[in-house]
Amino acid sequence: MFSFSEFYKLIAQHETLRPWLNTLPKQLSDWEEAEHGDMGRWIRALKKFPTDKPDIIDIKNEVSVRYEDGIANGEQKRLESLLRLLHPWRKGPYNMHGIHIDTEWRSDWKWDRVLPHISPLQGRSVLDVGCGNGYHMWRMLGEGAALTVGIDPSNLFLIQFEAIRRLMGDDNRAFLLPLGIEQLPELKAFDTVFSMGVLYHRRSPLDHIIQLKNQLRKDGEVILETLVIEGDENAVLVPTGRYAQMHNVYFFPSAKALKVWMEKCGFVDVRIVDESVTTTDEQRSTDWMTNNSLPEYLSPDDPTKTIEGYPAPKRAILVARNPD
């Protein structure tokens, strides 16, 4: 189905990543043998994507590719039809040969909030946990990262990532693996680890924070972004049912409480660098994601609350160092 051989070759050359070869090939082999629903249809579409390298690639300011002389109108329409087969597009935006993929999330806005507060990524190996379709991985490469590895169990995200990677000319500095972080050994290998939009989906948030720490080298940096509430170091919300129509959510600490959690798990120099209310300009339905989105999840009578009556989504970004 997929060949991960290039990734195996790459990590075999890294002393700290090489031990991953003891478990990873079997895990990915098991994944390939499992049933995957729409995967066959998506793979047939994926095989039709061009792989020739575009003349102009911009992953510093956005994620876009184009040829100097443009693309024929018929070829552009064919490419757009292929991309639309991979609906819904949640993370982006992308501009592929003049085709603007207007995704549900303005993930570039999140990146603009994160970037000023982190250590330079130049030459770093980066792990992006819950990476979605890999949008931020391209932006990390745009900042000079040597290698970005994303993990996300969603098959559609994997296919979308591979489609974009093909349109990038098969860039082999970014890899997405269909795994969850609980499937990773304690690698202690990455210079920077990102976890954005994952923590509130975890039944045991402290275990997740420790799992992030176990992937970092000594003095490596973690960037943790998650939904939070207002309050002091003891404030935490545990929704009794759904939150903004999400059913698989568990813990919403205050940013101050999350800082305490990270320190409890052994991180140092923990900083709260941003807190932002998610707006309906940042998350909304589009032509490329036609399902319900944030506007439908907020109370029609009070947009400061979800339709269940909880505080509307607010996100915090924390940055910390692994001293071990």
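Yeah, the Cβs are placed from backbone N, Cα and C, and that goes for glycine too.
Under a cutoff of 8 A between CB atoms, and with a sequence separation of 6+ in the same chain, the neighbours of Y200 (carboxy-S-adenosyl-L-methionine binding site) are T226, L227, V249, Y250, F251, F252. In the three-state DSSP scheme, Y200 (carboxy-S-adenosyl-L-methionine binding site) falls into the helix class. Sequence annotations record features per position, and here Swiss-Prot assigns carboxy-S-adenosyl-L-methionine binding site to K91, W105, K110, G130, D152, P153, S154, I181, E182, M196, Y200, R315 based on sequence analysis.
Cβ-based crowding with a 10 Å cutoff singles out D152 as the top-ranked of the binding-site residues D152, E182.
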